[in-house]
Amino acid sequence: QYSFKEVFGTLVVQKKLFDVVAKPLVEDLIHGKNGLLFTYGVTGSGKTHTMTGSPGDGGLLPRCLDMIFNSIGPFQAKRFVFKLDDKNGVDVQCEVDALLERQKRDAMPVPKTPSGKRQIDPEFADMINVQDHCKVEEVDEDNVYSVFVSYIEIYNNYIYDLLEEAPFDPIKPKWNNCNTPVRNGDFIPPQSKTLREDQNHNMYVTGCTEVEVKSTEEAFEVFWRGQKKRRIANTQLNRESSRSHSVFIIKLAQAPLDADGDNVLQEKEQITLSQLSLVDLAGSERTNRTKAEGNRLREAGNINQSLMTLRTCIEVLRENQMYGTNKMVPYRDSKLTHLFKNYFDGEGKVRMIVCVNPKAEDYEESLQVMRFAEMTQEVEVARPVDKPLCGLTPGRRFRNQAFREELSRKLEIRGGPINGETEEQSVSEMLLQSFPPLPSCELLDVNDDQTLPKLIEVLEKRHKLRQMLSEEFAKNVLAFKTMLQEFDSSVVSKENYIQGKLSEKEKIIAGQKMELERLEKKTKTLEYKIEILEKTATIYEEDKRNLQQELESKSQKLQRQASDKRRLEARLQGMVAETTMKWEKECVTKQLEMQNKLWVKDEKLKQLKAIVTEPKNEKPERPSRERDREKPVQRSVSPSPVPNAPPVRLRHRRSRSAGERWVDHKPPSNLPTETVMQPHVPHAITVAAASEKALAKCDKYMLTHQELASDGEIETKLIKGDVFKTRGGGQAVQFTEIETLKQESPTGRKRRSSPSSPYPPEEAADSEWTDVETRCSVAVEMRAGSTLGPGYQHHAQPK
């Protein structure tokens, strides 16, 4: 999802698009401000259609021209009154120079229509036939205006003038099979133009053709003449794909009229030159989709490179504004961005129309276009200050027109135009007619005494009348002089009053200027402080981010340490519990050993007491060693008890867990030991092989294992463990200890050293069990810590 200031559907009409997007730019143009409008999008998305329009429905460009000429139509200056120079400036020519220029233009062999009116080319007549009659409401009527248009294209990062006259069409030369121009003497390759900077630091194209136009039809005819020279080509995505960026520049020169409202003020400082640039960008495209090769591939690369430079410049401007940085904007990397550098620096208003094609194949390119267009809305450029106009009285033009109309009306009433000489003659004739007529002065007779007296009388009357007229004229002159003196005095008093008022106003203006200077200094100081505060805030924000990162790393480190500490505590608790269990088992083992020792001592004492208290018979003579050698003593698996010794009660070893159910696992390969002491577990389930069914019923497990010891005797091991239920529903055994049952032959017997024995060998063999030492060694021999009786060992090994 992307957000824009305005979104237009596929069925929107050109008028609505013009009213929302281009109309404010035209109003700013007439008010002396610059504007830039360009269409942006992938190839085939309708950029050229939006800018130019179609037959019967003109686009933005013809509508802008129509609105300009509808607004300034009655206030246009005569042709060549304004003259553009070669340094992006404009001069005002006097009426004589402008007349000479017009005569020179009229003398050129330009074909004209007999009717004197320009005929519209039917190829574009429908595009400029706009019936809306849109115009700007607030137009300065005391200014005169002139419109100049130029048309350029940026092709492969070179600037070409589309209005430049050439004897051969330079845009579409003939090419041979080697993709090189045909060597023809008539062929003149187009010369690229260069960009320069004027004294106001505005960029302009040097040597570009700028045509002064006086109507919408004439301006659009110039545009259409350049449009035919624009480079287009057929690609896989568009039959008439624009291969260059086209820029149509409309310059509006305006200057105020003089105090009489009749002629243009001849002051260059009062001339305002504003321009509106309408840019039709070439579409961004992917070469793998357009299948471009050769020149088309090179054109696509330059188009994409210039659009990428435009995007980079916008991103750097946005970064400088958001983060307060001062990175250099790479305007010079492309002629497109270099030409419009001033607009992005604040010398006008910029509008962009994003054209989107709803085709699924353009999905990825459209996303890139809309992402860039949405980002450009965050860039804010400074607005230029309005240029103050001259201090002449407004309404001069209409007052002058009203005066001329009134003068012509009065002259018509009097019978036509009258000069001063005829007026003077009419006054003299009126004076002569007011005098009495002269009588006939012819004397026919000497004695005629009537003619002369009559003539004298008439002359006297005329003399009196003349004196009366002279006196009346003198009175009128005196009265007129008095009126003039009064008028002079009133004018002097008014001048003195006006001078006083002017001095007061000048003092007020001087005070306001001082106040403005003070406020400007204060503003600069505040701006400097704001800049310092912004830099300080940036530093603090960076420190804050660093501290937050450090805090996050510290917190993560503390969390890791806490988790390590918890694991260590759990491990130590396990070790403590294991050590505690080990020491408890050792304590139990020691306690059992001590009990066994005490029991052994008690048994020895009892046996000694029984041996000592029994009656002593005559001791037979022990057989000699030779006899022992001849007749070795037969070993038995378990020595028979001494006949005369008191019987010792055999005790079964009780398991410490006698109240628990056991699984007694005895493999069938075990051999019976025929010993007196046998392991006995009550309530045990004896099995030959471990089974899950048996393990499920018990909570203890014991395995009887036999192996051959190093002395050749059979050693039986009882391996014990606990039975647990697993998560999967099965059974598991954890071995906890091992008990070892071992059978030994008595080897430490002590025989008497008597050389001869009165008893026969059989008796001697029996009698050796009757002596005290032998019986004690046989009856009492037992390992410490065993609870299984004589001849067996107990070894408990914890887990």
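Cβ coordinates are placed from backbone N, Cα and C, and glycine is handled just like the others.
Going by TrEMBL, these are the annotated features:
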type     : residues                                               : note
DOMAIN   : 1-379                                                  : domain 'Kinesin motor'
BINDING  : Gly41, Val42, Thr43, Gly44, Ser45, Gly46, Lys47, Thr48 : ATP binding site
REGION   : 611-676                                                : region 'Disordered'
COMPBIAS : 615-633                                                : compositional bias 'Basic and acidic residues'
COMPBIAS : 657-667                                                : compositional bias 'Basic and acidic residues'
REGION   : 741-771                                                : region 'Disordered'
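Neighbour density for Gly44 (ATP binding site): within 10 A of its CB lie 22 other CB atoms from the protein chains shown.
Taking the binding-site residues Gly41, Gly46 in turn and counting surrounding C-beta atoms within 10 angstroms, the largest count is reached at Gly41. This prediction places the mean pLDDT of the domain 'Kinesin motor' (1-379) at 82. Ser45 (ATP binding site) has a Cβ environment of 25 other Cβ atoms inside 10 Å. Here the Cβ of Lys47 (ATP binding site) has 23 other Cβ atoms within 10 Å, regardless of which shown protein chain they belong to.
Other Cβ atoms within 10 Å of the Cβ of Val42 (ATP binding site), summed over all protein chains shown, number 24. Its Cβ placed at the centre, Thr43 (ATP binding site) has 24 other Cβ atoms within 10 Å.
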